[in-house]
Amino acid sequence: MPRELTQNRIQKIWIPSKDDKPAVPRRAGGPYFTNSPTVIVMVGLPARGKTYISKKLTRYLNWTGVPTKVFNVGEYRREAVKQYSSYDFFRPDNQEAMKIRKQCALSALTDVKSYLLEEGGQVAVFDATNTTRDRREMILNFGKENGFKVFFIESVCEDPNVVATNIMEVKVSCPDYKDCNKTDAMEDFLKRIECYRASYQPLDPDNYDRDISFIKVIDVGRRFLVNRIQDYIQSKIVYYLMNIHVQPRTIYLCRHGESEHNVLGQIGGDSGLSSRGKKFSGALSRFMEEQNLKNLKVWTSQLKRTIQTAETLSMPYEQWKALNEIDAGICEEMTYEQIKERYPEEFALRDQDKYYYRYPTGESYQDLVQRLEPVIMELERQENVLVICHQAVMRCLLAYFLDKSADEMPYLKCPLHTVLKLTPVAYGCKVESIYLNVEAVNTHRERPEQDVKRGPSTLMRRNSVTPLASPEPTKKPRIKSLDDHMASTSTSLSGFAASDISTAGQPLLGKACLT
Amino acid sequence: MRGCGQSWGRDRAVCMTNCPTLIVTVGLPARGKTYISKKLTRYLNWIGVPTKEFNVGQYRRRCVKIYKSFEFFSPDNEEGLKIRKQCASTALNDVQQYLSSEGGQVAVFDATNTTRERRNVIIKFADQNGYKVFFVESICEDPDVINANIVQVKLGSPDYADCNTDEAVEDFMKRIKCYENSYETLDEVLDKDLSYIKVMDVGQRYLVNRVMDHIQSRIVYYLMNIHITPRSIYLCRHGESDLNIKGKIGGDSGLSERGKKFARHLGDFIHEQNIKDLKVWTSQMKRTIQTAEALGVPYEQWKALNEIDAGVCEEMSYEEIQEHYPLEFALRDQDKYRYRYPKGESYEDLVQRLEPVIMELERQENVLVICHQAVMRCLLAYFLDKSAEELPYLKCPLHTVLKLTPVAYGCKVESISLKVEAVNTHRERPENVTVNRSREEALQTVPSHL
C-alpha cells in the first residue's frame with residue numbers, strides 16, 4: 001500500500017505522513033542513504049594558495065548547502081607552539097618539531113573524523129602541505145578506515161612573482177610574524193619553503209598516484225590535471241576550481257531603483273520605477289562612471305524595474321531570468337499586512353524559518369540559492385561586474401561572498417539605493433557600502449522576537465565563518481603525546497544516523513548526488 | 001536549440017558579439033572523436049548554442065566514392081594525401097560559412113588532426129576569421145575499448161558495407177597504424193599556449209590547458225561528466241491526475257484511480273525489468289511523488305523537475321484559457337518553444353532549469369525519471385536531438401514509459417505502454433494561430449476530457 005502524503009508546512013514538500021517530524025526539512029523517500037563523507041586533502045609547498053582554495057571552496061560548498069569545514073594544521077601548530085620563533089622549526093632535521101607537527105596533523109584528523117561522523121559534516125578540507133607520500137598514505141588509510149572518500153587538491157606554482165605576492169598578502173601579517181617587519185618575515189618565510197622542497201613528492205599521475213582521485217592546479221589555474229573523479233561532489237569541486245581566478249576585480253551589487261510597488265509596500269510583481277527610483281538610476285550611472293573601470297559587465301534580472309535601472313547607464317547589459325526576485329506565489333503583489341490578514345499561518349511559518357520557508361506555489365531562499373548557483377559560477381569567471389537585482393536575490397549573493405549562514409541570509413540588510421562594493425582581499429572579501437543619497441522606502445523586515453518557535457534543528461545550519469576572523473578554535477583537549485593519541489584513535493565507524501541529518505540544502509537534488 | 005540564435009536566455013545579441021568557437025578534435029581513429037563531437041553538438045544545441053559538426057571522413061566519402069582499403073590512408077599514398085587535404089579544406093570552408101554567415105556559434109571540426117602541421121593550418125584559419133579554437137584530444141591505448149569502438153561504429157560504416165567483420169576489423173587496425181607514426185600529441189611545452197582538453201582512457205584522466213571563456217568551461221565540465229558505461233534511462237510521467245481528467249493544466253493535484261493503478265503497474269514493471277542499482281527521481285509535485293511511492297523504493301525529489309509554470313493560466317482548462325486569455329493562447333501557438341506564460345515559464349526557461357538534471361543524468365547510470373509532460377518533452381528532445389520547433393509537440397502520453405538506451409552515436413527508444421487507460425493530454429498545433437481566430441479554431445485540437 002503506498003503511503004499517504006502530507007505537505008510539510010514550511011518547505012511545502014510532500015512527504016510520507018508516517019514521519020513524526022513533518023516540519024523538519026528532509027529528503028523524501030524510504031531508507032536514507034549513507035553518503036560517504038569526503039575528505040579534501042590539500043597538497044603543495046607553502047604560499048601556493050592552499051588555504052585560499054580551502055577557504056573559498058568551503059564557502060562555496062556551504063553556500064550550496066553541503067556542510068563543509070576547513071581544518072588548517074598550521075592553526076593546530078600555533079595552538080601547540082605558542083610562540084613561533086623562526087623557520088628552524090620547519091627544518092627537516094628538527095626532530096622535536098617534527099614530532100609536534102605530526103601530532104598536530106593527527107589531532108586535526110581526529111577532529112575531521114568527529115566532524116564527519118558525529119557533527120553532520122559532509123566535507124572536511126584538510127589544509128596542510130601534505131607534501132610527502134608517507135603523509136598522504138596515512139591520510140588515505142585514515143579515509144579507508146572511516147569510510148571517507150579522499151580527494152586531493154594539489155597546487156603547483158613556480159612563478160616567483162606569484163609566490164612573493166602570496167607571502168606579502170597573507171603571510172607577513174599572519175600571527176607567526178606579528179613581531180617582525182615585512183622584509184624579515186619574507187626572508188624567513190622563503191627559508192621555510194626551502195625546508196619542504198627537498199622532501200616534496202608531487203602527485204604522480206602516471207605511476208605512483210594513478211589510482212587516487214585528485215586535481216593538480218598548475219600556475220594558478222592555467223592548467224589542470226584531473227584524475228579519477230569518483231562522484232558528483234568531486235565533479236562540482238573540479239568545475240568550481242576551474243572557474244575561479246585571482247585577478248583583482250570588483251563586484252558591485254545593488255537593487256533596482258525604488259519601484260511603485262515598493263512605495264505601496266507590495267512585494268513581488270513587475271512594476272516600474274517610482275520617480276525616486278529613476279533618480280537613483282541617474283545617480284548610479286554617475287557613480288559607475290566615477291569608478292572608472294575598464295570593462296564593466298552589467299547584469300539585470302528580467303523584471304522591468306532592474307532593466308529600467310540599467311537602461312539609464314547607457315551601456316550594454318545582460319538579462320538573467322535567474323536573477324528575478326523570489327517568487328512569492330499566492331502572496332505576490334500583496335503587502336505584509338494583507339498577507340498577515342489573509343494567510344496568517346503562512347505569515348507565521350515564514351517568520352519561523354525564513355530560509356527554508358517556501359511560499360505556496362512560490363519559492364524559498366533555499367530555492368533561490370539553487371537558482372543562483374550558475375550566476376555565482378559565472379561571477380567567479382568574470383572580472384568587474386555590476387549586478388542590479390532584488391532584495392532576496394541580493395541577500396543570497398551577499399551571503400555567498402561574505403560567508404553568511406542560512407540563518408543569517410534572509411535578514412542581511414540590503415537597502416534600496418545603496419551599492420555594495422565587494423573586493424577580494426587576502427582570504428575574504430572587503431565590503432564597502434555606498435548610499436547614493438536618493439531617499440527610498442525601507443523594505444527590510446527584521447527577524448521577529450525570539451519567542452517565535454524555532455524551526456529545524458541547528459544541524460540544518462551551515463557553518464558561519466566570518467572571512468577575516470580566525471576560524472573557531474577546536475575545543476578538543478590538546479594531545480600531550482603521540483602515544484596518547486594513537487591509543488585514542490581506535491576506530492569504530494559510528495553508524496551515520498541520518499534521521500536528522502539531511503542535506504536538504506542541496507541545490508540540485510537530495511543526497512544521492514553526493515554518492 | 002536551432003532557434004534564432006537566442007542562447008539559453010543569457011547571451012543577448014543586443015550587447016556583445018561573442019567570438020564563434022571552433023572545436024577541433026584530435027586523436028587516432030577509433031578513439032571516440034565522432035562520439036564526442038556528436039554528443040557535444042547535441043548538448044550545445046539543446047542549451048541554445050547553435051552548433052554543427054563537420055566530419056572530414058564524410059567529406060572524404062563524398063569525394064572518393066568507393067573505399068578500397070587502408071592503403072588510402074598510407075602516409076606514402078600521395079594521391080590519397082592530396083584528396084584528404086582537399087577534403088579538410090572544403091570542410092573548413094563550410095565551417096567558415098556556418099560561423100560567419102549562417103549564425104552558427106560553435107563548429108566542431110571532427111577529424112584526426114594528429115599532426116602539428118595540420119593543427120597549425122586550422123589555427124591560422126581561425127585567426128584569420130576571428131574564431132577561438134579549442135582542441136579536444138582523445139587518447140586511449142586500451143585494446144578492449146578500441147575493439148569495442150570498431151565493432152560499434154566502424155563495422156557499420158559505409159566504408160565497410162561489403163566486408164565481413166574480420167576483414168573490416170583487420171583493415172581498420174591497419175588504418176590506425178597509418179596514423180601512428182606521424183601522431184604528435186598535444187604537448188605540454190610545444191602547445192602550452194593553446195586551449196585544449198586531453199581526455200585520457202575514456203575519462204579516467206583529463207588534462208585541461210588555458211580555458212579561455214564560459215563556453216569552453218561548460219564544454220570541459222560536460223566532457224568530464226559523460227561516460228560510456230552501458231545503462232538505460234526510463235522516462236515517464238506521473239500517473240493520471242485529477243486535474244488531467246478535467247482537462248486542466250498545472251496545479252498540484254493527486255492521482256486519479258487510474259493514475260494509482262498505473263503507479264502499481266509501474267512498480268511491477270520496474271521489478272520485472274530487474275534493473276541494477278536503479279535511481280528514481282521525481283519532481284516536488286504530489287502526483288509524481290505519489291507515483292513513486294507505489295514503487296516501494298527510495299526516490300529523490302527535484303524541484304527542477306516540476307512541470308512548466310503556467311503562471312496566470314495555472315489550473316485552467318484550454319477552454320478557460322481561450323475564454324480569459326485568447327491573445328496569449330494564440331501567441332503560444334505561434335511560438336510554443338519561446339512563449340512564456342504571464343508570470344510563468346516557457347519551454348526555453350524549462351531547458352535552462354533542466355540543464356543540471358541532464359548533467360546529473362549523464363553522470364548516473366540506470367535512472368527512472370517520473371516527471372511531467374512539458375518536462376519530459378524537454379528531456380526527450382535532449383536525448384533524441386530534437387529541435388526547438390519539434391520539442392513542444394513531442395508525444396509523451398500518460399501511462400507510457402520510454403526506455404532510452406545509448407547505442408553507437410545516438411539513443412535507442414522503446415515505448416512501453418503499461419496498459420492502463422488515461423486521458424490524452426496532447427494538443428497538436430491548430431491550423432489557425434492568428435490572434436483573430438475564432439474560438440472553434442483555437443480549440444480545434446484540444447483533446448477530449450470531462
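Heads up, the Cβ atoms here are built off N, Cα and C, so glycines get one too.
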Same-site residue for substrate (record: TrEMBL; known: A:ARG255, A:HIS256, A:GLY257, A:GLU258, A:SER259, A:GLU260, A:HIS261, A:ASN262; options: A:ARG222, A:ARG223, A:ARG305):
A:ARG305
Longest CA-CA distance among A:ARG255, A:HIS256, A:GLY257, A:GLU258, A:SER259, A:GLU260, A:HIS261, A:ASN262, A:ARG305, per record bound to substrate, angstrom
14
Cα of A:HIS256 (active site, tele-phosphohistidine intermediate) to Cα of A:ARG305 (substrate binding site): how many Å, rounded?
6
Mapped DSSP class for A:ARG305 (substrate binding site), helix or strand or coil:
helix
What kind of secondary structure is A:ARG255 (substrate binding site) part of, going by DSSP in three states?
strand
Sorted by sequence, non-A:ARG255, A:HIS256, A:GLY257, A:GLU258, A:SER259, A:GLU260, A:HIS261, A:ASN262, A:ARG305 residues with Cβ within 8 Å of centre, substrate
A:VAL263, A:SER271, A:GLY272, A:LEU273, A:SER274, A:GLY277, A:LEU416
Alpha-carbon spacing, A:GLU325 (active site, proton donor/acceptor) to A:SER259 (substrate binding site), which is rounded to whole Å
13
Any same-chain residues 6+ apart from A:HIS261 (substrate binding site) with CB under 8 Å of its CB? Would you list them in sequence order, or say none?
A:ILE267, A:GLY268, A:GLY269, A:SER271, A:GLU333
Check each residue in the chain of A:ARG255 (substrate binding site) that is at least six apart in sequence and keep those whose C-beta is under 8 Å from its C-beta; list them in sequence order.
A:THR306, A:ILE388, A:CYS389, A:HIS390, A:GLN391, A:MET394, A:CYS414, A:PRO415, A:LEU416, A:HIS417, A:THR418
